[in-house]
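Peer 1: I have a structure here, written as structure tokens, and I will follow up with some questions on it.
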Amino acid sequence: MFYGVDLTSRLMLGTAQYPSPQVLLEAIEASGAEVITVSLRREGAAGGAFRDLLAKSRCRLLPNTAGCHTFREAVTTARMAREVFGTSWIKLEVIGHADTLQPDPFALVEAARVLCAEGFDVFPYTTEDLIVGEKLLEAGCKVLMPWGAPIGSGQGLRNLQGLRTMRAHFPDVPLVVDAGIGAPSQAAQAMELGFDAVLLNTAVAKAVNPVGMARAFGRAIQAGREGHQAGLMLERDMASASTPVFGLAELA
Amino acid sequence: MIHSVLGGGVTALCCAMALSDRGLDVEVIVPDGAPEPASRFAGGMLAPFCEGESAPELIVAKGQASVNWWAAHVPDVVRRGTLVVAPPRDVSELERFARATREHDWVSPGDLEPDLAGRFARGLFFSSEAHLDPRHALSSLKSSLESRGVSFRTGAPRGRIVDCRGVASHDELADLRGVRGEMLIVHAPDVTLTRPVRLLHPRFPCYIVPRENGRYMIGATMVESARRGGVTARAAMELLSAAYTLHPGFAEAEILELGAGLRPSFPDNIPAIRHAADRIHVNGMYRHGFLMAPVCAEQLATELAELHAHAD
């Protein structure tokens, strides 16, 4: 449950960088996504025509604060997003580093505290750091969105053990892997680890065939989730032999 | 019957020219107080294969005809191809670009543009592409039309309306939106580039198109916004730092102009000819104005010439 909303599809899709709004709508449709993120910082109030096209997707909108580098920018953009989109959902992104796009956890927690107090449903873009996660929950967040890898890098789950630990540490908090996913198999892997959803953009938008890639991601995420629910078998080491008990000659 | 072409940008002038080429009677009406046409801020690249990176095959296939069209109608079409490069840490962007496009060769950029020697190990060369200076091209078309007796005026149209007003036609076309583009023109005497160069970057792609006398056009942002008004500091910083990455000589360039325009765009970002009750629209050029306006204009002129022939 994401702030009281149950989702059938566990793919959340970004809406930037597509060849056209038409291709974007077809990709959303093919992916089965029910939540799409949309930015506001750069487009401003005059981006209405594009937003009207997004409304045709009939998806739930998750406005984001992409492009914000400070607490103040993020809070202002979130407030504007609530007015423009008429939703209390906000994907809170405070960028600490323009190059790696790594989140600034200090400004993030500060902004989350203010926005939660104002009644926003905050989806914070964070790292897999457990303490930051705890501070965000304490600030009022009911979802956490750890990165897989830097935004747009397509590196997949860069700190697999860290993400496993995070899943184990927050067993009852909806966790969404956000950013860094490049291939459907990586998205499936996040779901197999027990994450609740995956949010991605570039891997679909910049694919040679975005619609085909959107469909592939939708299926991979579904497969990963079903695999997790069905109970994955555990790995066994059959390469270095343990003690055989049968069928071995006794040479003594 | 006279044809009243509305608008002063590349679509309007190409349509007027194509109609005039077929001996049809034409006037061009530039509405009073119309904003500067977006095409004044265009790159002027005739690059159908590069555009195929994000544009559908239709643009690639049809756009190829525009190089010859422009060469037949204006002087100074430069056929030197397009060079595409990427900074060392973004070479995967180059691989992606190569996969998404065709009609290119892998080259050593310094062999084509000596100023880039040692800066980029590999690049893609699209040898059949061309470029022109949009402002020269627009004024050449206008002069040719005037010399054929085509009038340019304001006021009410007298004949069959061909509406080429770009984003201003939003009043008639509900699904037409503006996609903001920002650009700069610099004078960079320290840099010598003889063909358009595209610098790939995951977030700040840019292209640089040489103009005459050491001037370069640096473009262009793509923002889903209909905001008019000046170039933002962010856009200028992004474009200038991309230019600086291409060649440090751009650091000493003189900034001559910062400009912004709205690309008229339909939801599929594909140009279209649409027949309405009282007019024909030619619109939605998106980022393909100089590439696709001649294609649409020729299609329109063929249709109208047939209509005219039957009417006789």
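Cβ atoms are placed via backbone N, Cα and C, with glycine included.
Note: TrEMBL annotation is automatic and uncurated.
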Peer 1: From A:Gly152, A:Gly224, A:Gly227, grab the residue that TrEMBL records in the same 1-deoxy-D-xylulose 5-phosphate site as A:Ala179, A:Gly180, A:Asn201, A:Thr202.
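Peer 2: Answer per TrEMBL: A:Gly152.
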Peer 1: With every protein chain in view, how many other Cβ atoms are within 10 Å of the Cβ of A:Gly180 (1-deoxy-D-xylulose 5-phosphate binding site)?
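Peer 2: There are 23 such Cβ atoms around A:Gly180 (1-deoxy-D-xylulose 5-phosphate binding site).
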Peer 1: Just report the maximum Cα pair distance in Å for the recorded 1-deoxy-D-xylulose 5-phosphate binders A:Gly152, A:Ala179, A:Gly180, A:Asn201, A:Thr202, no decimals.
Peer 2: 9
Peer 1: Near chain B: which of the recorded positions A:Lys91, A:Ala179, A:Gly180 have their Cβ closer than 8 Å to one of its Cβ atoms?
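Peer 2: Near chain B, no listed recorded positions qualify.
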Peer 1: Using a 10 Å cut-off, grab the number of neighbouring Cβ atoms around the Cβ of A:Lys91 (active site, schiff-base intermediate with DXP), all chains included.
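Peer 2: Excluding its own Cβ, A:Lys91 (active site, schiff-base intermediate with DXP) sees 26 Cβ atoms within 10 Å.
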Peer 1: Take the Cβ of A:Thr202 (1-deoxy-D-xylulose 5-phosphate binding site) and count every other Cβ within 10 Å, whichever protein chain it belongs to.
Peer 2: 20
Peer 1: For A:Asn201 (1-deoxy-D-xylulose 5-phosphate binding site), what is the secondary structure state per DSSP, taken as helix, strand or coil?
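Peer 2: Looking at the DSSP assignment, A:Asn201 (1-deoxy-D-xylulose 5-phosphate binding site) belongs to neither helix nor strand, so coil.
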Peer 1: Pick from A:Gly152, A:Ala179, A:Asn201: which of these binding-site residues has the biggest number of other Cβ atoms within 10 Å of its Cβ?
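Peer 2: Per the Cβ count, the most surrounded site is A:Ala179.
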